[in-house]
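Below: the structure, in structure tokens.
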């Protein structure tokens, strides 16, 4: 008779073995569809909706519906997967929803075709429905992909390699999106701009779907979740976190940091075309410069040995850079629009100091308390300090912060886009300040969020831990 304890010991020993490069690469490719569509969502959705005829207020409703669906789905998806498992099945289902609904978001109004009418209300409902479905699928795919890391292996080096590879593919996805957009805006100048956006969306979906297929074929379904959670630790009540001042401080800093990134990304295309009167290719070139500069700065940050004072210093430096960039955005005249490329470099450096790849949020400290992952930056380091050794409470911390981030982002974008469509407000701003809502929103909102987050970060009482390097080798 086989001893069950020996079998468990054998399984644990196998889970401690490092993963091969093929397994790591196939896993890393699994979030490409989410990453490339997310980048397209924030960069071009609002511009596309206005071009197809929606009012700014209706376009804001579409964006808000998607953000709300994403936020609420994130809360429940993790709990369902913990109970029922089958991560690859969840991932495949979510990816199918993403591919179908995203093509519909950037396609024509499906309900309008079915009903034979093009009323603005029906268009708003149609686009909002598919936007919500897209974000539900996006959140399910994200949670499934993240949840697999801790169940695929208990080897700490392999876990860091999985997350590092995942983040590397995030860079590939973002750069691919802007590369695709740049080619289409350049080669299809004579084509209607709505068709250009649809080509960007369809090509992005096709590329992302190919990588999803690679992930599903090359990644094995984790056979056991025994090393996903440490059962020896008691579950921490939500009340525990609500009594910690640091929880509210980190929540505010993280939310403000995400608003800086998302608001700037959503309004950048409006700004370079309508306010600076740059050519269509700038809608891809300027975001690409920002991302590349952010990537370079992040690579430099890998060599940093982190401590509490350095964390605050770097975060504050990023905030100052964004404030300076915001001032430049507000004051930059259209005749000097080429200076926007220089401002983009500063924004990229600021983003590298302040923001973080959303994937690292879940793993940098929740899965690996003493291992900082690839492309980790200061705002998520603060979250890791908050979680500390309370691993069984990290799901609530990261889940609640992600929920607040997505909902607050949707609300802020809704308000800004609604004001952008108000003729009276626009005329008043023109008479008093001489600036558009887009210019003020892109310049002042991220700058104000940066200032507030830097002030809160400075007041944090962070433990001064032993300085440590940022990076683990990819595919170690």
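The backbone N, Cα and C atoms fix where each Cβ goes, glycine too.
Features of the protein shown, as given by TrEMBL:
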type	residues	note
TRANSMEM	41-69	transmembrane segment
TRANSMEM	89-112	transmembrane segment
TRANSMEM	124-148	transmembrane segment
TRANSMEM	168-187	transmembrane segment
TRANSMEM	199-217	transmembrane segment
TRANSMEM	246-272	transmembrane segment
TRANSMEM	284-301	transmembrane segment
TRANSMEM	313-332	transmembrane segment
TRANSMEM	339-362	transmembrane segment
TRANSMEM	395-416	transmembrane segment
TRANSMEM	437-460	transmembrane segment
Tertiary contacts of the transmembrane segment (168-187) (same chain, 6+ residues out, Cβ under 8 Å) = 28-29, 31-32, 35-36, 39-40, 43-44, 196, 199-200, 203-204, 207-208, 211, 280-281, 283-285, 287-288, 291-292, 295, 357, 359, 374, 474
Counting only residues 6+ away from its ends, which parts of the chain sit with a Cβ under 8 Å from the transmembrane segment (284-301)?
-> 43, 171, 174-175, 178-179, 181-182, 185, 265, 268-269, 272, 278, 314, 340-341, 344-345, 347-349, 351-353, 355, 375, 377, 470
Residues from the same chain, set at least six apart from the ends of the transmembrane segment (246-272), whose C-beta lies under 8 A from its own | 42-47, 63, 278, 282-283, 286-287, 290, 315, 322, 329, 337, 340, 347, 351, 354-356, 379-380, 382-383, 385-386, 397, 400-401, 404-405, 408-409, 412-413, 416, 420, 438-439, 441-442, 445-446, 449-450, 452-453, 456-457, 459-461
What residues in the same chain, six or more past the boundaries of the transmembrane segment (124-148), come closer than 8 Å to it by Cβ-Cβ distance?
-> 27, 30-31, 33-34, 37-38, 41, 45, 49, 54, 58, 61-63, 65-70, 73-74, 77-78, 81-82, 87-88, 90-91, 93-98, 100-102, 104-105, 109-112, 166, 219, 222, 228, 358-359, 362-363
Long-range CB partners for the transmembrane segment (313-332) (under 8 A, at least six residues beyond its ends), listed in sequence order, are 253, 260, 271, 276, 301, 304, 339-340, 343, 346-347, 349-354, 377-379, 382, 435, 439-440, 442-444, 446-447, 450-451, 453-454, 457-458
